[in-house]
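Quick look at what TrEMBL annotates:
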{"type": "ACT_SITE", "residues": "Cys362", "note": "active site, nucleophile"}
{"type": "BINDING", "residues": "Glu265, Asp292, Asp310", "note": "S-adenosyl-L-methionine binding site"}
{"type": "COMPBIAS", "residues": "453-473", "note": "compositional bias 'Basic and acidic residues'"}
{"type": "COMPBIAS", "residues": "581-593", "note": "compositional bias 'Basic residues'"}
{"type": "COMPBIAS", "residues": "594-605", "note": "compositional bias 'Basic and acidic residues'"}
{"type": "COMPBIAS", "residues": "650-659", "note": "compositional bias 'Basic residues'"}
{"type": "COMPBIAS", "residues": "669-678", "note": "compositional bias 'Basic and acidic residues'"}
{"type": "COMPBIAS", "residues": "737-746", "note": "compositional bias 'Basic and acidic residues'"}
{"type": "COMPBIAS", "residues": "773-787", "note": "compositional bias 'Basic and acidic residues'"}
{"type": "COMPBIAS", "residues": "883-894", "note": "compositional bias 'Basic and acidic residues'"}
{"type": "DOMAIN", "residues": "127-432", "note": "domain 'SAM-dependent MTase RsmB/NOP-type'"}
{"type": "REGION", "residues": "452-495", "note": "region 'Disordered'"}
{"type": "REGION", "residues": "523-894", "note": "region 'Disordered'"}
Amino acid sequence: MFESKQPKRRLARLYKVAAIIAKEYSEGLGSIKQLVYAKRDKHPRIQALYALVNTLYQRKDEIQRLLKKTQLLESESRADPWVIKILITELLYGKKVLSGQTKIEQTIKGYEQIFKAHLSDSIEVPVKDETVSTKPKYVRVNALKKTVEEAIEAFTDEGWHLIRHSDKNDYNGFIEKVAALKGGEFMVDMHVPSLLIFPPRTHFYNHPAYKNGTVILQDKASCLPVHLLAPPPGSTVLDMCAAPGMKTTQLAAALANQGVVYAVERDTKRVGILKHIVGSSEATCVKVINKDVLDCAKKDFPGAEYILVDPSCSGSGMTERSTEAENKDLARLEKLAGFQILILRSALTRYPDAKRVAYSTCSLHPEENEEVVRQVLETNYNFKLVDAKKLLNSAWNSFGSSDYGEMGEFCLYARPDEDLTNGFFVAIFERLEEGEQNKFLNNRISNFKKHLHAADKRKERRLEGKENKETAKSKRGNKNNKEKSVPEDEPNNVEEIENNHIVEDEQEHGLNDNIEFEESVCEKGAKKKKKKKLTENDVECQETVNGCDEIENTVAEKVDKKNKTGKVSSNNDATNDNITIKKKSNKNKHKNATKLEESTEDNPKNDATLENDNPVGENKTKKKKLKHSTESKDDFSIEATLGDNENTKKVKSKKKKRKSCSEVNELIDISKNDKTLESNDNTSEENKPKKKKHNILSEDNEFIEDLKNDEPLDSTEENKPKKKKHKRFSEVNELIDMSKNDKTVESNDNTTEENKPKKKKHNVLSEDNEFIEDLKNDEPLDSTEKNKPKKNKHKRCSENSESIVDLKNEEPLESYDNVTEENTTKKKKRKDCSEASEMNIIKDSQLKKKKRKHCSEVGESLETSENPDAIEFTQKSKKKKKMTSEKGDLQLDD
Ligand SMILES: C[S@@+](CC[C@H](N)C(=O)[O-])C[C@H]1O[C@@H](n2cnc3c(N)ncnc32)[C@H](O)[C@@H]1O
């Protein structure tokens with residue numbers, strides 16, 4: 001046989017595999033390092049793979065620019081865009097040659113001069129080599145296998161020299177010593193006693209202590225949540241987001257294997273890694289549970305006393321580049337925050353035996369941290385935030401943003417530049433003792449929500465009543481003449497209206513968190529329900545492993561080998577977090593899953609540096625303070641959201657479409673009043689003479705007036721002149737629904753839900769989600785405020801609306817805001833509405849289009865809602881009788 005001397009016609013496997021990894025990384029399927037390891041069987045040159053993909057992401061902006069200028073992706077549309085990007089990376093920043101003869105390589109080479117010409121136009125941005133770590137290597141001694149003393153002795157025997165730091169209060173001195181660690185030296189951490197510190201780039205992969213599970217590679221920051229949670233031996237612990245299991249094993253060690261650690265992990269693949277780590281660390285007290293923890297309840301983890309909430313996050317703290325933390329993908333952060341709020345709130349509300357809860361992220365973004373804490377804490381009656389500084393005996397420097405006042409300062413940050421760790425955030429909550437108070441409770445919200453909660457309960461009772469009634473009716477042979485006598489466009493009764501907004505089926509869905517939102521509003525014929533397009537927004541979150549990339553990779557490798565699957569990370573988005581907010585129609589439950597594209601613009605995250613063979617040294621540590629984003633944070637005040645007209649700004653949207661700001665403000669104002677909510681009750685429309693439906697504004701005002709009366713409910717309704725309140729009820733009910741998460745706050749939701757009669761499926765507006773909406777309205781994530789000058793406190797309503805709208809306009813908030821999908825087609829209508837009210841109210845009002853006639857005063861009322869006298873004005877305006885113009889969409893704004 002003659003050897004063919006023909007040039008290689010096939011693309012080098014290195015490039016193919018690198019392209020796959022780059023793509024998977026862009027999809028958030030893992031850190032570059034994890035993905036490289038996972039593809040090891042596909043290409044053994046992991047360093048070359050890593051270098052290519054890492055460089056691609058370091059240079060992504062330039063490459064993107066080149067692609068745009070040359071239109072290469074368009075002209076080479078048949079080629080894999082990721083292969084093109086990898087080849088450009090190789091050509092411009094890698095080997096600087098493409099030696100293959102494939103068509104695509106030839107094409108890319110053909111562009112070389114053009115690329116270079118474009119590049120010379122731009123300023124060269126120096127790229128930091130992320131493979132050179134300046135962070136020390138942290139090694140946690142697995143107390144289940146060896147004591148720290150034994151480990152120290154063993155390392156000393158190996159020739160390592162222990163550097164001591166005895167002053168427990170001198171954190172700065174400690175950091176200096178850590179930064180100065182030289183080859184052959186190690187220290188014991190001053191906070192986490194089981195943690196040993198070695199110089200950067202010390203290798204442990206081949207060390208027997210690592211291989212046999214005696215030591216675990218875990219960054220110090222990642223040890224802090226469990227250290228601060230401090231469950232004693234014998235206790236019951238719930239680890240809500242457990243894989244890969246670094247903190248799970250730390251928890252087991254804290255318990256000395258006495259007691260139980262429920263380690264919950266949703267992702268099946270990661271459960272495999274979790275089990276492996278748990279097994280190899282001999283953490284016998286751990287029970288691994290492959291479940292979505294949001295589908296769990298207290299019965300699943302009986303007696304859970306200590307809870308660790310370490311949810312998926314942006315992972316912005318996992319990079320050594322502090323600039324990374326400044327690159328915010330606001331929409332993504334908001335989605336993550338939504339999920340984080342849900343999960344933290346569930347920890348604080350579902351488990352009645354919980355004494356202490358640790359919330360942590362490996363993110364440096366306040367949106368995922370202080371903001372999450374704030375949103376959850378401000379409505380929580382049972383927990384307080386513990387001052388982390390005190391827990392660490394003041395020997396720590398980095399805390400949360402003072403923009404959040406004391407609340408922020410009670411939270412702890414670990415910062416790469418200051419603490420020589422990964423970036424991390426920890427907040428510790430403790431159950432209130434008797435007589436104690438959560439000083440961050442926002443009473444205004446709480447009272448409001450308490451009322452709503454009460455109203456909610458009443459609604460349930462009414463529903464039960466209705467069920468009975470219906471049964472009786474059907475027994476009577478379904479004689480329903482009454483219905484026929486009701487004008488077409490009128491809902492039959494309050495119950496019916498309310499039924500359209502029932503939060504349901506929490507039992508089935510585990511809780512409020514997998515959210516289903518039924519859009520059903522009365523239409524002509526009273527019983528027709530509008531079907532909405534269903535959406536399921538999968539929010540893919542970058543899985544971050546909190547400082548345990550290395551171990552995870554290695555374990556992944558081991559698991560791989562064992563399972564002979566060859567894959568740990570895969571294209572399967574199982575590694576992603578799915579925040580699902582669903583809308584379902586009554587009848588059809590079809591879903592349209594929309595995957596959020598994680599853009600390639602994402603900077604590399606979680607890319608713990610690959611081990612290399614550099615000698616120990618170069619412990620240059622930046623003392624520069626990490627510039628932490630401290631966007632303006634207006635103090636939250638429900639007062640403002642509930643109609644702080646004094647501070648409301650001009651609402652921008654068109655008159656006719658935004659008439660109802662004042663209405664909602666009024667409604668909400670009113671709902672602040674116990675009695676007003678009570679007055680919602682027992683309003684039987686059936687018993688009322690039917691009235692004109694067109695005078696919405698005046699109806700509202702009257703209704704509001706009614707609500708403002710302190711008359712006891714039942715009597716009120718009976719004695720009042722009959723009005724068409726039911727329409728407003730539905731709106732109020734929506735408002736109530738919006739705030740129903742109170743249940744989650746006040747009750748141990750799951751458990752209470754369990755005891756409730758089952759309701760209609762899929763008629764669910766998840767309380768939590770709505771609550772998030774609510775809260776979002778109350779205070780936008782600081783992202784939305786980002787570009788704004790700091791404002792006075794309590795300037796909430798219109799500002800928020802505007803800022804949220806701005807944000808929405810730029811990028812729809814998919815996970816929160818299903819309704820925005822629909823709304824996007826109605827942009828003009830919702831400019832001034834904050835999301836929650838839009839979500840809930842627009843729909844209703846849209847469906848009332850045909851029913852409602854409005855007078856021009858509606859527009860006026862909206863205008864007036866922007867000024868401080870809005871309510872007064874609207875009250876005046878109710879006196880005007882004539883509604884002249886037929887009005888379509890009614891939007892109620894906060
Ligand atoms: C940041 S990692 C946790 C790291 C882990 N605590 C450790 O120290 O090794 C977040 C994990 O939570 C899991 N997760 C996300 N949402 C979840 C949910 N709803 N229920 C259970 N696990 C979830 C993710 O799959 C991911 O493995």
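Each Cβ is built from the backbone N, Cα and C atoms, and glycine gets one as well.
Bear in mind that TrEMBL entries carry predicted annotations, made automatically and left uncurated.
The model shown is predicted, which means the values in this text are computed figures rather than measured ones.
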Least buried by Cβ count (within 10 Å) of the binding-site residues Glu265, Asp292, Asp310: Asp292
Number of Cβ atoms other than its own within 10 Å, given for Cys362 (active site, nucleophile): 29
8 Å Cβ shell about Glu265, Asp292, Asp310 centroid, S-adenosyl-L-methionine site members excluded: Asp239, Met240, Cys241, Ala242, Ala243, Val264, Arg266, Asp267, Val293, Pro311
For the domain 'SAM-dependent MTase RsmB/NOP-type' (127-432), mean pLDDT (0 to 100): 93
Residue from Glu265, Asp292, Asp310 whose C-alpha is spatially nearest that of the residue listed as 'active site, nucleophile', among the binding-site residues: Asp310
Longest CA-CA distance among Glu265, Asp292, Asp310, per record bound to S-adenosyl-L-methionine, angstrom: 14
Where Glu265 (S-adenosyl-L-methionine binding site) sits in the secondary structure, as DSSP reduces it to three classes: strand
